[in-house]
Amino acid sequence: MLRKFILGLLLASQAVAQLPHKERDYDSRVYVALSLRDGLDPREFEASVSGLDHGQWTFEHPVGTIPNTYVFSAPKEYAPIENIRDQDRLEVAGGVLAKRELRKREKLQKKYGMSEEDVEKRLVALERLDYDWSERGLGSLEVLSERRIHKRAPVNWTEEEMEYLKEIKRRAEEAQKAQDDKGDKKEDQKDDKKEGQEAQKEGDKEDNKGDDKEDGEEDDDDDEDEDDDDASPAMPVQWKPVDESMYGGMPDDSLYDVYRKYYPDEVGIKDPSLWKQWYLHNVHKAGHDLNVTGLWLRNVTGWGVVTAVVDDGLDMNAEDIKANYFAEGSWDFNFNKSDPKPSSHDDYHGTRCAGEIAAVRNNVCGVGVAYDSKVAGIRILSKEIAEDIEALAINYEMDKNDIYSCSWGPPDNGQTMARPGKVVKDAMVNAITNGRQGKGNVFVFASGNGGSRGDNCNFDGYTNSIYSITVGALDFNDGHPYYSEACSANMVVTYSSGSEHYIVGTDINAIDDKSAAPRCQNQHGGTSAAAPLAAGVFALALSVRPDLTWRDMQYLALYSAVEINSNDDGWQDTASGQRFHHQFGYGKLDASKIVELAEGWNLVNNQTSFHSEVKTVSQKVKYNEPLKSVITVTRDDLDKVNFKRAEHITAVLNLEASYRGHVRVLLKGPRGVVSELAALRRDDRSKDGYDNWAFMSVAHWADEGEGDWELTVENTGEQDQVELVNWQLNVFGEQKDKREENKEGESKPEDENKEGEKEGEKKPEDENKEEGNKEDDKGDQKEDKPEDKPEDKPEDTPEDKPEDKPEDAPEDKPSDEKKPEEKPEEKPVDNSDSSSDSSDSHTSWWPDLSSKKSAWLYGAVLLVGGFIAVIGIYACVTRRNRVRRNRSKDAPSASSFEFDLIPHDDSDDDFVYPEDTHRRSGDNDRLYDPFAEVEDDDDMFRISDEGEDAHDVEPELNRVSMEADKRDNDRQNLLG
């Protein structure tokens, strides 16, 4: 026990050592996040730049586990970049730093009141810093500043919107009053008629009493029929246990007993708020829920999975959270302490979200979707926070935290267009590459609550990322809530507030009164509530298949989604076989379906990507005259990067506009699927246009990628000036498997489902001819695939990493051991069969040379040996060239960084070289950054070409090597 305690302290101290421990003085110092050349010690860099005329820079600390990324600071009065902190982020060096600033000359003068002389001084200082620091190993530079990150809370209505709503309400009241007046008039007529009938009855009563009675009854029936003809047809009424009091408090025993009649008895859960949790099991409207109770009956409850709720804190002492709280994965980054407990009554958001995921089954409030999973709290929303601290937060304990649930982002005001800083991007890349022991963390982001403002989640750099699963909201009636944002990045939707129903469950305890009873809440909502429900569903899937990668989870979410409101015109057929809608993504999450699909899922192949040349357009977009531009992708382009099928598409745009909200951008793929990349936003009056903005879409999933990709830009403002400067197409997808890679163009779709055809083995048909009726027919054994998976789903491959590493290979069939109901792994069975078949004969390690059956083995061995020899020679040559390139001191080379963004520069992707556009596949040791930016091809204020990455073309390699040799000679002369 003591050893475990000491080990825990050591691990905790190591984690804490990566956190900043002192308050920053932003008033007197400038703080920057630097990425340095691979292997360069930050102390060495600090010493090398201290003697330069750029201020006294001090190394502060590394940024978590992000490779080669560090925080430095300097006094503001000596730092040439002091006033960048209050302006647009500066994210690049290596020859393009000053160029970006030069493009902002007019903006700097007008927006920030800088004189022309001050701008010139700034540019000169930046030019010198850019050249000097890049020469000493700087890869990128980002000036850090504190900012507020916004919860996905309901958006307040504007005065204009309130007036509009009042007008709608007034008209509705007038219509209701008119209907009531009509009803009153009809009632008066009915009363008069009845009075006359009664008088007539009374006069004839003695003569025809019996007949009068019958006549009176018939007249009454006629009156009722007349009323029915005028009345509106009755609408079906849904059964509800209660009305106004439905969300007013805890139910009494009688109501609870009534509800129990409609709830599965086998579940056996008695948490008092369970009857309100309609999204877990809806007795009001069958099927309008997560379909999760059947999984609970199978004991699929999230055991072994940890979800980190990145939010405004977590009340770990709440009765519904305490037993499932995971302290090791928790930290308060706002106040730099291990306890993320809220300190304000306003910080309830994270606790409510955590309860949706993992509220304990304990007769308190309700239960979470995955009520046996663990939940951690990472606090970042309670006050302003710098970008590097945010990066630390989303990387915190990424080997222990599996899922990060994020219900926050830029303001949902229909005006903001914001993306995370470079250091945050790098943290996300680090998490999906190295988190969960290399399988990648799963990021779940709420789409946003700005729907009523016309906001769109493609203008949010978090939801617009290929690394995120973007989740929108669905209301009680399976409708689209007014607040939930639509966009082409929406993957799925799930339930939240709407139609007078809410998400209920856990709440924070009283802040000041520790003796208070546990508190439950009845009105959680927005996309803030949808994302945690999705995270809980993903926790269930990971509990049955912990080997799933971050990309596998996206596949599972897509292929298990249930289409809703199928008659809506917004649905489009896609290559995936699933239909897509910008409001609903691929449909609503179904917990049972995603778990069932996960249990038989074969891991996808590694990621690859194709990146087109930057297409320069430089054309004005006239009012109501759409501008079209086409980029054509050929089969040869895709074969070069070992491309099989598409997953995410990004289009990186540079566009100028006098009224950004009046611009609409569409992307039409080869199969005719249309992604609305940029929607109209009435409140977005910005004149900044799009500055290297990467719009992302999941609507083209499973597309082959080959063909014309047509971009359409529309200008809907009659007086507006719009110009499309340039754009670039990026297609991310799955690699072909090994067999297809070696026999390119020969494999048929059906061959992809056969695991027996490994490299060097015989074809199944030849093997069957020779084996005859033997029991060990490997091809037949391995053909079984889940029926609900896409028809071209690949076979098991090494676990997904953006980079290929030899150690990944043995983990290519982890799913078998997780499924006791299935057969054991085929290979051991085959070995036992073959040994039993040959028990009567002489057993030898070597096959009989005279046997035709084994002759192919020797040929295969020779081929493999030759292949290894060729690879070895190639590796030696490549290593020698890489070493020569790494000697360049003007900027880090392509081989210097673990994560190469676009190989035309080190980090910010501002320059794109036309001759280096057919980018690399996942086989290479680089990962493309989907936040990538492109730059027009002008050369103003360009400092040095050596600051860019080495190209793949031979002439460029020779040039870089010669220049590196020359610099080394110059350096020796200076030192001598």
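Each Cβ is built from the backbone N, Cα and C atoms, and glycine gets one as well.
Pulled from Swiss-Prot:
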type     : residues : note
COMPBIAS : 172-212  : compositional bias 'Basic and acidic residues'
COMPBIAS : 213-231  : compositional bias 'Acidic residues'
COMPBIAS : 734-830  : compositional bias 'Basic and acidic residues'
COMPBIAS : 915-928  : compositional bias 'Basic and acidic residues'
COMPBIAS : 940-976  : compositional bias 'Basic and acidic residues'
DOMAIN   : 604-737  : domain 'P/Homo B'
CARBOHYD : ASN156   : N-linked glycosylation site
CARBOHYD : ASN291   : N-linked glycosylation site
CARBOHYD : ASN299   : N-linked glycosylation site
CARBOHYD : ASN336   : N-linked glycosylation site
CARBOHYD : ASN606   : N-linked glycosylation site
CARBOHYD : ASN886   : N-linked glycosylation site
TRANSMEM : 524-544  : transmembrane segment
TRANSMEM : 855-875  : transmembrane segment
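On the structure: features taken from Swiss-Prot.
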| residue | record | Cβ within 10 Å |
| --- | --- | --- |
| ASN291 | N-linked glycosylation site | 21 |
| ASN299 | N-linked glycosylation site | 9 |
| ASN336 | N-linked glycosylation site | 14 |
| ASN606 | N-linked glycosylation site | 24 |
Problem set entry | Integer Cα-Cα distance in angstrom, ASN291 (N-linked glycosylation site) to ASN606 (N-linked glycosylation site) | 31
Problem set entry | Rounded Cα-Cα span from ASN336 (N-linked glycosylation site) to ASN606 (N-linked glycosylation site), Å | 37
Exercise. ASN336 (N-linked glycosylation site) to ASN299 (N-linked glycosylation site): how many Å between their Cα atoms?
Worked result: 38
For this session: Find the average pLDDT over the domain 'P/Homo B' (604-737) in the predicted model and report it.
Result: 97
Seminar exercise, completed: Its residues classified by DSSP, the domain 'P/Homo B' (604-737) shows 9 helix, 78 strand, 47 coil
